[in-house]
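The S-adenosyl-L-methionine binding site annotation in TrEMBL covers 15-26, Leu55, Glu76, 120-121, Arg138.
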Amino acid sequence: DVGSQKERVVTEEEWLQKWEMGNIGFHKEEGHPLLQKYLDVLLNGRSGLRIFFPLCGKAVEMKWLADMGHSVVGVEISEQAVKEFFSEHSLPYCEEPVPEISGAKMFQSTSGNISLYCCSIYDLSSSIVGKFDGVWDRGALVAVNPRDRQRYASLMINLVEKNSSYLLVTVSYDPNKHKGPPFYVPESEIQSLFG
Ligand code: SAH
């Protein structure tokens, strides 16, 4: 019974506040073991991929993949998170407005292989960011408000190339015991969202 979580909404302001308060238990300094485990599935023998990190926070896996020669694009509403990513990895970056999205900024490593959009993911489209060969979705679908899941999934489907790999991490628990996020997204719902 996931009914208990259906109506829950975490606002953008609340996410910004979590970052300000350092209330970011979701951030993993060592990176995620499941990306290491399934890296071959993501890459499928290919090099120089464009990899998307929805709701990226300051995920260290962005640095891993960039160091392997891939091009990384992330989106995150918290500017603090984006700046902490670059400073914690001692990466010089530049910052520019995104003409298509009012108020949005794009932060790009000087080397050019990591571009982080600071805006809501719902403002993005493939005409702005292009299409991706791979997606690392950890703390993203499960952080999306349940009422927005369909919109999120449709957008993600639009942002990927035909021959792409999408790694999705979900969490399994009794949704009556925790309000989330991370929200519980049952397998059956993933099937109906992504087909
Ligand atoms: N994927 C990251 C962060 C997970 S927490 C990791 O693995 O560590 C979810 C993140 O999504 C938070 O940093 C929050 O600020 C951001 N976020 C929430 N709603 C968003 C939205 N609509 N658009 C972009 N980022 C959002």
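Glycine is treated like the rest: Cβ placed from N, Cα and C.
With respect to ligand 1, the binding-site residues Trp15, Ile24, Leu55, Ile121 contribute Trp15, Leu55, Ile121 as residues with a C-beta closer than 6 angstroms to one of its atoms, given in sequence order. Met21 (S-adenosyl-L-methionine binding site) has a Cβ environment of 8 other Cβ atoms inside 10 Å.
The binding-site residues examined here are Ile24, Leu55, Ile121; by Cβ neighbour count within 10 Å, the least packed of them is Ile24.
For Lys18 (S-adenosyl-L-methionine binding site), the same-chain residues 6+ apart in sequence whose C-beta sits under 8 angstroms from its C-beta are Ile24.
Under the DSSP three-state reduction, Ile121 (S-adenosyl-L-methionine binding site) is assigned to helix.
Neighbour count (other Cβ atoms within 10 Å of the Cβ, all protein chains): 20 for Trp15 (S-adenosyl-L-methionine binding site). In the three-state DSSP reading, Ile24 (S-adenosyl-L-methionine binding site) counts as coil.
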